[in-house]
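Student: Per Swiss-Prot, the features are:
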type	residues	note
INTRAMEM	162-182	intramembrane segment
LIPID	C234	S-palmitoyl cysteine
REGION	29-72	region 'Disordered'
TOPO_DOM	1-161	topological domain 'Cytoplasmic'
TOPO_DOM	183-235	topological domain 'Cytoplasmic'
Amino acid sequence: MSTEQDIKTEEQIPLTYAAVAAPTVQTEGEAVVAPEEPKPKKNWFTFGKKKAAPTDETNIEEGGAPGDEPVKEKKEKKCWWSRCQKGEGEQKEENIAIGVDLVNRDANSMNNHVQLNFEDIFGEADSQHSWDCVWRLNHTVFTAVRLFIYRLVSLLALPFTIIFAIFFGLLASINVFIIVPLGKLLSIPGTLLAKLWNWLIHAIFDPIASAVGLIFSNFNIRKYGINQETTAPCV
């Protein structure tokens, strides 16, 4: 019986059994370690050299060679006069960052009387119009010249700004450190003197004055003329 069972089990084994490799089990000690790349040796003649820049994939996609340097975007050069001219958006951003309002420079509306434009000064009647180019040129020239003169004078007025800053600083320091402390110091005896004077007026002088007024309130004064005739009483 045993021989027949062995023959049956051998017949049931598939033919590909020998071709299938047994799974290999790796333990923790037998883990495969990747070989380390040898580090380049530093010599005295290669110490100051920089490493080669890595190739840019975007440069290769655009059609450049792998060894070529990456293409850098060119920045627009700004002239010195264009740096002073900033848009309203940039001024608002600087206002948020710095705290100086460069857009609304008259927040308290102190100089609304000088806020005059070309339309507030010049005007043509409906019956008489100049050429459009002439009117446009006058508007441009007036605005540009007025702005240039104002900026030039404001630059020349910098010494006056310094002088007024000195005056305001002196007056503010005198007010803070001398006048206000002196006023607070004098308010202590001044309060006592005010209370004493109020008591003297209401307690002594007021009754005396009211009594004298009641005494002399019934007196009548009559004025006589030259012929000793009585006239109307003068009250």
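Each Cβ is built from the backbone N, Cα and C atoms, and glycine gets one as well.
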Student: How about long-range neighbours of the intramembrane segment (162-182): same chain, 6 or more residues beyond its ends, C-beta under 8 Å?
Tutor: none
Student: Tell me, roughly as an integer, the mean pLDDT over the topological domain 'Cytoplasmic' (183-235).
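Tutor: A mean pLDDT of 81 is what the model gives the topological domain 'Cytoplasmic' (183-235).
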